[in-house]
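Take a look at the structure set out below.
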Amino acid sequence: MEGPDSTAATKSHQVGDTSAKLNNLTHRIWPPTQRTRDAAINRLIETLSSSKSLLSKRYGTIPKEEASAAAVSIEQEAFSLARASFSGEDDNGMEILQVYSKEMSKRMLDTVKARAASTTSTAAPSDSAQVDSNNAVSAGGEEFISSSTKAEA
């Protein structure tokens, strides 16, 4: 029968092993899980098709079916571009996630602008319909980063 010393030694060894495993874990956010990518697609669909989004108020809404197809395309293109630009130097994936988010935002803005241009007359858009794409991309990138990390949690 084992004595109290051997039981304590076994428990101490188990705690040491668990502690070593936890110390070796790193939190990597790239590549995003499929759940995170799906959340990004759903957010794109909501933004493109909802009359409550700033882009929809400025450029009009896109029907849900068309928004869904556009969102999948936007996300896949942004993911492919970000993955191709990954050099392996980013330890936790933050930089590549920012590329991914900014690409989605840029492509979303390009999509709504192109659609608005094709549905409006040939008259030049008014100054109030112009958007600073740098600001839109930055704001969108931050929005996707926060929604991606929320979906990951």
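Numbers run from 1 along the shown chain.
Cβ atoms here come from the backbone N, Cα and C positions, even for glycine.
According to TrEMBL, the protein carries these features:
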type	residues	note
COMPBIAS	7-26	compositional bias 'Polar residues'
COMPBIAS	117-129	compositional bias 'Low complexity'
DOMAIN	28-119	domain 'WPP'
REGION	1-28	region 'Disordered'
REGION	117-153	region 'Disordered'
Exercise. Tell me, roughly as an integer, the mean pLDDT over the domain 'WPP' (28-119).
Key: 92
Practice problem: For the domain 'WPP' (28-119), give the DSSP counts of helix residues, strand residues and coil residues. | Solution: 70 helix, 0 strand, 22 coil
